[in-house]
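Student: Here's a structure for you.
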Amino acid sequence: EANGEVVTVQFLLSATNAMSALHTARLMPCSCLTSSCCLSVLAQKCDVSKHKALVVSLCPQSLPFFAVKFGLDITEATHKLCGFLKSLGVQYVFDTTLAAGFSILESQREFVQRYRRRHHDSHALPMFTSSCPGWIRYSERVLGSLVTPHICTARSPQQIMGCLVKDYFAKQQKLSPEKVYHVVVAPCFDKKLEAVREEFYNSLLESRDVDCVLTSGEIYYMMERAKVSVEELDSVLLDHVLGEAGDGLVRHEGRGSEGFLEHVFKHAAKELFGLDVHEITYKTLRNRDFQEVTLERDGETLLQFAAVYGFRNIQTLVHRMRKGRVPYQLVEVLSCPGGCLSGRGQAENEVGGRVDKNLVQQMEEAYSSLPVRLPELNPALHTLYQDWLEGQDSPQASSMLHTQYRHQSQTAHTPPPHIQW
């Protein structure tokens, strides 16, 4: 019991056996960071004597999965999921759209800065997006200096959410970061690897920005094993980091991810050339997962961006990079074909481990039903820039919203045993 409230890890303990069974039934493509290992560690690590608040953050790309599985619209499915988590002892449930807004705004600003110094900085362009941990890991361990100086320094939505929870939210609750246990629900196994990066660990406080990542599929399997009836679950509204009631789910632009390409493209068109772009037309090149967008004026090409999803297309991009034949100023790179909705933590079918195309199509339809909200128009972001970060250009903003990527040896250390979830 902490401050009069019982902080329970019932959901972690009850899920351990279920996830162990899942692991023996199918192969998890995430090295040794298996679900059974994850939940065993959680049951030991999230203890009431140390952690005073248990927080879960939901990635917006996970929510369509539950909408399809529950047979509900995405808003009601999210409320049911929130009710499930809170029934098991989770005290606060957020979604990471706010953090994604920070990441988009910082990426926009960085692109404009890079574009303006392109003539005297050979590494300024092209800029590669940094939200996909699979792409980042491949870049650092395999591609090295060919690519890493070009990667946008904005943290991913997951890791910005980690800062929001462990820094801003913890302070609002009058707790130190290590007193808050933070779990993220994501569509992708690689998000587990991102959470254990060294730069996201405070050795002094022995606290990580994100303590654990569970995939959408792992959460749903827990519900199945516990024979949870969706109809009997309470519908509970999500919490808000600012302590206010949520004003409804929204999404950013893009077809199943956070839409970095579209947001940066429109911002750059306005900021650099004074052009308002309302609709973006994609030109498909090799396939649906290799597309480009062009801004033209009077027959002159002003901007040329590309969306490159899946490692086959990434290999093509890298080959062109080595040849010096990349015409793009920005490339949105995602390791999963189809983008984040197709993450292997939720899009695989139960037999054979292949992507369930029908499930992905239904998730895309559910995701596109959410209204789009530009991060520039989100008052909560403006409030947090001032109250939390002390302005957009402050050292605090740089520390909390950015990181650096560099070449790493492929034989670099593996995560220590106590975080192998």
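Note that Cβ sites are derived from N, Cα and C of the backbone, with glycine treated the same way.
In TrEMBL, annotation is done automatically, which means it is predicted and not curated.
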Student: Region 'Disordered' per TrEMBL sits at which of 107-127, 401-421?
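Tutor: The listed stretch tagged region 'Disordered' in TrEMBL is 401-421.
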Student: Can you tell me how the residues of the domain 'Iron hydrogenase small subunit' (353-409) break down into helix, strand and coil by DSSP?
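Tutor: DSSP classes over the domain 'Iron hydrogenase small subunit' (353-409) add up to 31 helix, 3 strand, 23 coil.
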Student: Taking all residues of the domain 'Iron hydrogenase small subunit' (353-409) together, what is their mean pLDDT?
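Tutor: Here the mean pLDDT over the domain 'Iron hydrogenase small subunit' (353-409) amounts to 93.
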